[in-house]
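According to TrEMBL, the domain 'THUMP' annotation covers 49-152.
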Amino acid sequence: MEGNKLLYVEILGNLPEMAEGEVKALLELSNPGFTILEKDYLFLALKANESAFSYLKRLGMAHEYGNLLFSGESLEELYLKAENLEWGNFIAGSFKVDRETMLNCRYNVENLERELGAIIVRQGFKVNLTSPDTLVRVYCGQKLWVGIRKQTFPAKSFEKRKADRRPFFKPIALPPRLARAMINLARAKKEVLDPFMGTGGILIEAGLLGLKVYGVDLRKDMVDGAKQNLEHYGIKNYVLKKGDATKLGKLFPDKEFEAIVTDPPYGTSATLGGKVREELYEKALESIYEVLDGHLSIAFPTSFEAEKVAERIGFEVLEKYYQRVHSSLDRYFYIMRN
Ligand SMILES: C[S@@+](CC[C@H](N)C(=O)[O-])C[C@H]1O[C@@H](n2cnc3c(N)ncnc32)[C@H](O)[C@@H]1O
């Protein structure tokens with residue numbers, strides 16, 4: 001196909017399967033039919049056209065992405081390919097070579113920046129180590145990979161939205177990167193409903209991606225607090241309701257949602273609204289099924305037999321990612337479709 005490029009994404013190392021799933025989901029949205037070509041520890045090589053960039057910039061569980069130029073299986077091969085490349089097609093202004101030595105790196109890369117830099121300098125480009133216009137990235141893993149960085153996802157940019165930095169704070173909220181990954185895994189393009197919204201952590205991330213957000217919570221203080229949080233981050237396109245996640249059909253009688261993303265309560269009686277936990281989960285899944293026309297991204301403790309219950313209701317369970325939160329909480333993130 002015309003215009004296809006090689007791209008790379010460096011994913012985060014704490015939940016790598018889920019991070020890879022997130023990249024696949026965004027690729028599916030922007031470049032249907034394309035997928036990940038190769039995986040080398042936390043480095044993913046993809047084939048796609050540049051429209052993928054407008055979706056990859058939504059990533060939550062990634063360090064960075066960029067254009068992939070070439071790979072090599074020895075330093076000699078890498079230098080030879082570098083000598084034969086027209087760097088003028090990729091470098092604008094000054095440059096710097098920046099190396100990432102992954103845990104599985106199997107080459108002696110000590111002098112790599114200097115040697116590769118010298119090859120590029122010989123083509124007439126200037127090095128600037130403090131503020132280069134172009135960053136040439138080299139990853140060392142099972143192979144050597146050379147690319148041009150397009151965007152990074154620094155921890156700082158997510159930290160300012162951590163639960164305790166929001167005006168309305170409860171220690172129940174998901175970390176922003178994880179919330180964002182769940183939204184992307186639900187393939188949301190225009191809207192998201194969170195029927196157990198709590199303080200609105202998922203809705204904040206979805207709102208910042210430009211999606212219309214809908215939220216429900218049983219408690220009025222949560223509805224007021226989530227509104228305060230959304231306003232704080234400049235999100236205006238929202239509909240929040242006080243109500244029961246097991247009665248969504250009544251709350252939204254004429255609406256079908258493209259994506260539902262949610263983190264139901266795990267267990268204290270205060271957050272369960274008096275229901276037995278398993279019963280609440282089952283009823284909520286039935287109610288979600290009724291108002292969904294698309295994907296559901298949902299977290300459940302591992303003790304709940306979510307697949308069995310969801311399949312009985314009619315969901316197709318597509319993906320499942322495990323996370324150990326602490327000694328008394330293990331959960332799965334499920335991606336389902338109706
Ligand atoms: C784990 S918290 C969600 C945390 C949320 N992701 C956040 O960022 O704050 C679960 C929420 O579900 C609410 N809840 C419990 N039972 C409910 C029900 N039947 N319908 C709607 N909300 C309910 C609780 O009040 C609580 O705020």
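Glycine residues also receive a Cβ, built from the backbone N, Cα and C atoms like all the rest.
Residues in the domain 'THUMP' (49-152) partition by DSSP class (helix H, G, I; strand E, B; coil) as 30 helix, 35 strand, 39 coil. In the predicted model, the domain 'THUMP' (49-152) has a mean pLDDT of 97.
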